[in-house]
């Protein structure tokens, strides 16, 4: 899997070179309007380059030129597995891990691996006990931003991300992105055993178990097996009695989010949270 090499083309490359030479003269402010295919506008302010389209600031001209691909629609990095293209190399590399299964980010505390550094940093809060996200409504704190957002919606019932195709709305942008695959018919997950493709990773993972006939997560108390670690965690509460979801109206606690959500729905007058 490798990026396309045609990139911005010779016209933009020459323009970038000229811009760098002009900036090196020491001008504090440099504006450049290109009439080429990219139609970009670059601004040099002090030691930074600012994009006139969105206001993003960069310390290198090369970074700004690369950023401009977002606005021009240029996507030089193409996945050879599924044909999906990306304007940024970092997004391309991250996408490729879907096909390769690579998870280069490892937790030094427990050995769990992740395909993104941001996921590792988020996971590490489990070990540190850090809860940086505080609800302004009730004061409850959370380790994960996603959980914090989900909790906040129990107060507002707001779903910010709407699908332009069917009108369905979601709490998270990631949920909307996942949903959009229904309309685009994208199936980025391919089984290496039989070649079957899937829209969602969860379905792909369950399918892969039909080849291995395994449920890797087993309860030490009763021996029941699960496909996912979070399913085992949820099941374990039936043995430990842990109830992490608390209704602030009645100070009632729940072991499962579904039960907590049902209780919250009662308080909200029957609205879906």
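From the backbone N, Cα and C atoms, a Cβ is placed for every residue, glycine too.
Per Swiss-Prot, the listed range annotated as zinc finger is 133-155 (candidates: 133-155, 248-270). Looking only at the zinc finger (133-155), the predicted model's pLDDT averages out at 83. Helix, strand and coil counts from DSSP across the zinc finger (77-99) read 11 helix, 4 strand, 8 coil.
Mapped onto DSSP helix, strand and coil, the zinc finger (161-183) counts 11 helix, 4 strand, 8 coil.
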